[in-house]
Amino acid sequence: MINLILLGLPGAGKGTASESIVDKYHLAHISTGDMFREAMANETPVGLEAKSYIDKGNLVPDEVTAKLVEERLKQPDTKNGFILDGFPRTTVQAELLEDITKRLEKPLTNVIAIDVDEDVLIKRLSARYICKKCGATYNKISNPTKVEGTCDRCGGHEFFQREDDKPEVVKNRLEVNKKMNTPLRDFYEEKGILSTVNGEQTPEKVFEDIDKILSKD
């Protein structure tokens, strides 16, 4: 059984890697964002508790998020293993998760960090641009327009960049994430379950390296 967390800064390629892992190993992909939406839509007790914080514009306390994670990990689709997306983000959450996995007898088997140099991440994240006319989104590096300066969808020629995709804003976002990510890595390194892969390779090669780690166990 594989019970896995992927770590990495925004733009490291966690989403793409997650899809490949789920496809091959048939793991339950557990996203905290999806969990919150589902629990609130179904009006479960924990979902309503989370909603009471969100409606006031407050952060949901760690203990409430942990309750949601525990509910989700009890679902039958996690019996072959799971991959956690968006939790834990801090060492406090990591400790709460450890308590949950012990209770449910579903210990984490792997934590894999996808490493990408900060300059590369800034280039990746600030390469996004959007068509003014129809809102189609492109990326200069990974998904440019077929004809330079012309939108594939509507043929428009004017593009803009969102404020939070500008390099200086991206840099700040990465700094905030790095402050949370580093202690988490240290936490799992001490547990002896942390592995790292080079995220500057092609998505196929990144998955190949992850696959080698998961196949070893």
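Just so you know, the numbers here start at 1 and follow the chain as drawn.
Glycine too: its Cβ is placed from the backbone N, Cα and C atoms.
Your range for region 'NMP', going by Swiss-Prot and the list 31-60, 91-120, 181-210, is 31-60. When the neighbouring Cβ atoms lying within 10 Å are counted for each of the binding-site residues (Thr32, Asn58), the highest count belongs to Thr32. Across the region 'LID' (127-165), DSSP helix (H, G, I), strand (E, B) and coil residues number 3 helix, 12 strand, 24 coil. When Cβ neighbours within 10 Å are tallied across all protein chains shown, the highest count among the binding-site residues Phe87, Tyr138 belongs to Phe87. In this structure the alpha carbons, written CA, of Arg162 (AMP binding site) and Arg128 (ATP binding site) are 8 Å apart.
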